[in-house]
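The structure under discussion appears below in the form of structure tokens.
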């Protein structure tokens, strides 16, 4: 055979240099800039992945989840829920024995028109003629339908406003302190409590059969805070002259209001019982009505005179 020429030798050398070696398993592509770490064999990343977990490993169950998954715990939770339901039912049945929730709803059944008319009645009772409380099937109608019906909304709001106005008056005189404001509020509540207890005891001693309840007494006695607010505000604006003028008017108004209101609750029952108008028991009831009405102006002055200087 003929020996290879120089040209054939050069061509064979160039072809051998252009061969690319076969890549072995675990070796990266020589033309790749970065290693592929997405495979399970590449540096051990992502060795085990939870299906559908976006590439993150499956989280181990927490102790709370394991507790809830236990049938015994589910039974305990169901038993606890049943006990709570029974306790709530028991409280709902017996709560009226201590707090008359259904009765309190009646005293707060008011609207804006009723509040406006009632305030006008408290300031100008002389213009009102019919003081009878309306009834429907032996039950008094809601206050929003009858201006003569007692309510607790105005007394409650008036008491809170009175405490705030008292704090304002003390602040303008550089005498404000939380202790003094708390003493003002507690003294007003203490006097109200003493009034209610004294009236209940007097009604018991006089043996008056009336439908006047304790909540009715709290409502009627709480109306004096409206006049107290007016007197203190006028005292802050116009001094002692404004205070005495407005408070004097409100004292006379609350006296007339209590007389015309309580006489229907106390004296009307006496007439229904057949008690003579000039009888001794009837006179005691009249004196009791006058005493309750006369106590309102005295307390209005006692609880407000030190707030105006």
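Note that Cβ sites are derived from N, Cα and C of the backbone, with glycine treated the same way.
Caution: TrEMBL annotation is automatic and unverified by curators.
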Candidate ranges 1-48, 49-96 [criterion: TrEMBL lists as region 'Disordered']: 1-48
Stated TrEMBL location of transmembrane segment, expressed as one of 264-283, 284-303: 284-303
114-136, 183-205 - the one TrEMBL records as transmembrane segment: 183-205
Beyond the flanks of the transmembrane segment (152-171) by 6 or more, those residues with Cβ under 8 Å of it: 104, 107-108, 110, 115, 118-119, 143, 177, 180-181, 184-185, 188, 215, 218-219, 221-223, 225-226, 228-229, 232-233, 235-236, 307-308
